[in-house]
Amino acid sequence: MKGSLIIVSFFLLGTLCGISDLIPESLTSGQLSFYALCALMFSVGISIGHSPDTLKSFRALNPRLGLLPVLTIVGTLAGVAAAWLVLPGRSLTDCLAIGSGFGYYSLSSIFITTYKGAELGTVALLSNIFRELITLIGAPLLVRWFGSLAPISAGGATTMDTTLPIITRYSGHEFVIVSLFHGFVVDFSVPFLVTFFCSLG
Amino acid sequence: MFIVIGIMFAGIGTGFLLRNRKLPGLSQLTMVLIWLLLFLLGLEVGHNEALIRNLHALGLEAFVLAIAGVLGSVIAARLLWVYLYRRKGAKR
């Protein structure tokens, strides 16, 4: 829990620095995040390759776990459809379009802003940032309450990059391949599903 | 996207070559990079004025949708977990 609070503090600190213009915007528009992400993935890769026993366990991967992306997509859409019942002023298709971001906030918010305007685009951006944050913060609890697959489903499209380190940490190294496969499939579905639900509304 | 995946596989190869050596500080480095990425994400949000101004109303709505989406997906993940566990005895 302490680790998660530190992560949130860094996010809040970044937000405050952004609001107060303490740190120029050029820092975010540059390539720094991308390089940081590359460095992160390299260090995650080293920790995976460093323990060959983990790699051996990938061969014994249950092929049924290939169903996980489908369950993530269906589960998410069912969840946001239920949320639509308590959200006044939003159509069902708008809610489904936001849910179809699966944590991929950059792409989904651009798509939704283009099709539905900046307001819904902003909700999509925030909602999918929240999804990533919930996964990063809640991973240990999700594992305890819903099993080791839960952080992967919660991570949605982000499970092959930004949330992978957290998933490796709390679900275990043996779930890395499932996580990568899951992230790939869900990530790929984002532009299709978002466009589909925006075109219905 | 594929560059990032490629870099991770390069890391796996590097880690494998170094498997007989101890790598102190690797998990700390991972955490520091996560902190940096979250800081940059916050910076991007903070710089967006229109977003900050309507944050309370839009934020609540976004939060409800995020929680609902996560809950739906983890319940589905739980179903698969229970199904696999019962069939094959926790084979991963």
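Start at 1 and count along the chain as shown; that gives each residue its number.
Note that Cβ sites are derived from N, Cα and C of the backbone, with glycine treated the same way.
Listed features, source TrEMBL:
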TRANSMEM  A:34-53  transmembrane segment
TRANSMEM  A:65-87  transmembrane segment
TRANSMEM  A:102-126  transmembrane segment
TRANSMEM  A:133-155  transmembrane segment
TRANSMEM  A:175-200  transmembrane segment
Next on the checklist: Which sequence-distant residues neighbour the transmembrane segment (A:34-53)? Criterion: at least 6 residues beyond either end, Cβ under 8 Å.
Outcome noted: 161-162, 164-165, 168, 173, 176
Item to check | Tertiary contacts of the transmembrane segment (A:133-155), as residues 6+ beyond its ends and Cβ separation under 8 Å | outcome: 1, 4, 7-8, 11, 65, 68, 71-72, 75, 103, 162-163, 166-167, 169-172, 175, 178-179, 182-183
Checklist entry - Who are the long-range neighbours of the transmembrane segment (A:175-200) in its own chain, taking Cβ under 8 Å and residues 6 or more past its ends? => result 48, 54, 58, 61, 65-66, 68-69, 72-73, 93-94, 96-97, 100-102, 104, 107-108, 111-112, 115-116, 148-149, 152-153, 155-161, 164, 167-168
Next on the checklist: Can you tell me which parts of the same chain pack against the transmembrane segment (A:102-126), counting only residues 6+ beyond its ends and a CB-CB cutoff under 8 A?
Outcome noted: 72-73, 76, 94, 132, 135, 155-158, 163, 186-187, 189-191, 194-195, 198-199, 201
